[in-house]
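Just below is one structure, and these are the notes that go with it.
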Amino acid sequence: MPSSTGPSYPPTLNDVLERNRLVQTIKDWTIANGLAVRPPPTVAGDDTEGILAMSAPVTLFPSPFPKTCFEEAQDIQAQYNELYARISQDEEFLSSLVQEVAGGDDFIANLWNVHLRVKEEGYVQSLALGLFRSDYMVHQDGDNLQIKQVEFNTIASSFGGLSAQTTLLHKYLSKTEYPLLKSGIPRSTLDLPANHSAEGLAAGLGAAFHAYGKSALGHPTCIVFLVQDGERNVFDQRHLEYALQSSDSEPIPVFRLPFSQILTHTTLAPSSRGRQLLYHLPHNPSLTFEVAVAYLRAGYGPSDYPDPSAWEARYQLERSAAITCPSVLTQLAGMKKVQQVLATPESVSSIPSALRRFVPDEPAYSALWKTFTNIYPLDTTPAGLEARRLATDSEECKKYVMKPQREGGGNNFYRTAIPQRLREIPEEHWGSYILMELITPPPLVNTILRNGRLEHGGVICELGIYGTCLWDQATGEVLRNEGAGYLLRTKGDKSEEGGVAAGYGCMDSCRLV
Ligand code: ADP
Ligand code: MG
Ligand code: MG
């Protein structure tokens, strides 16, 4: 890190009065401003009325983040949006990668089958919407700091709602509390970038809603958020909903529907009329809305598909005229396998120069390529066999993380857990995983406030950049492509995973240095 962060930033608060004051301010601000989550059942106890909320875990101070890296990540987002829009349109490319992983991965195989069924009768909606998030860590190579991509999310990219609030919390503290500390942090020393993540994502949803147009059947149109039962991160989603209403002069009807209730509360108009997705208000069944945009904050992992009817529900969405965010193909574009193939150098690629084919423009190609770290297949190609040697070697494996084609955190295998895991699965299924070099960012210190308790120590930060993209699958035309703010998640440096919802990480914001 550049020395401008100073040895005393972020300060360690040894004085109990000072510490308590800051903590109390944060506890109140987070609840007052919806930087909050629903409590887990263990904390909620007998909250049968569902009225309780608790502060989301946050850092006491914004973590230092290199300005050049932050700007690079922001600048490249439009190119990433377009890259993943192009990948979503390349059915043949996705098909070949699905074939490589589906043998050991029923979930991916089932998703692909949904696409094949709809393809057979013909898609009735060619517009596609992506609310993406590209995640990075800073990699230090001597004096050189470079962002390296952890992963690219194409479904249920979360925390855009809470992230904007976290930036506001730290900005508020920089005005009111930090200057009063014994180690007094003058406001002028804190470069805290603006963060319009909630507005940016809402604007993407709004653009798709308007692009859908009016109902040919004479119904009012709406956006439906498809959510998980018992979702605790509900305020994150609500902030997008609220931003959607404030950014538009005409209100946009938004409904939350559990993914498990799609077949109960929606129907499809017949194909002869256009297969519109109709949402029948549960509390007033005489009112029917036509779904312009189906925004999935569920459906990204196997647990949302406990039985065949859940797959029928996904099929109903996919074959409907609603703009699905994401479509099955766009969801599959987010497979870790896709990331691995993009990151495979031209000299060893089995599918020659995938990145170059999608991004012929040389400056864009180089800018994207720079953000990749080494990722290997675990198949039986020469590169895959070499990766198998690394993954099963008790020393070499310590430099890697092994990932299945999953989202939502808690699915990866780290370091010495890799050979252990490989011993548990049949060798013919190893190709369903990818092997990725671990990125080791420069060490930082911060204090996390989680469940009312402070955790002080070494931390690791992960930057996410949001982007929204609306395109036409049929013509390839990109109708809208925008950046949409950022997320900084911070975790203790002893923790492998960084997911906030999964309980490993916390919300943070950037102090640019
Ligand atoms: P998911 O889609 O489940 O979020 P990720 O690929 O983001 O999967 O991995 C989860 C977490 O594991 C990340 O947030 C990060 O903390 C850690 N992680 C993943 N890949 C790497 C890597 N190459 N180097 C260091 N940490 C990583
Ligand atoms: Mg992730
Ligand atoms: Mg992910």
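Just so you know, glycine gets a Cβ as well, placed from its N, Cα and C.
Where the annotation comes from TrEMBL, it is an automatic prediction and has not been curated.
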Out of Glu396, Glu407, Glu424, which one does TrEMBL list together with Glu151, Asn153 for Mg(2+)? Glu407
Return the members of Arg133, Arg232, Pro404, Gly410 (the binding-site residues) with CB less than 6 angstroms from at least one atom of ligand 2, or none. none
Enumerate the residues of the same chain, Glu151, Asn153, Glu407 excluded, that satisfy the criterion Cβ within 8 A of the mean position of the Cβ atoms of the recorded Mg(2+) site; list them in sequence order. Arg133, Asp135, Phe152, Thr154, Ile155, Ser157, Gly334
What binding-site residues in Arg133, Ser158, Pro404 place CB under 6 Å from ligand 1? none
Consider only the binding-site residues Glu151, Asn153, Ala156: which of them have a Cβ under 6 Å from an atom of ligand 3? Write none if no residue does. Glu151, Asn153
One residue among the binding-site residues Pro404, Gly410 has the fewest other C-beta atoms within 10 A of its C-beta, namely Gly410
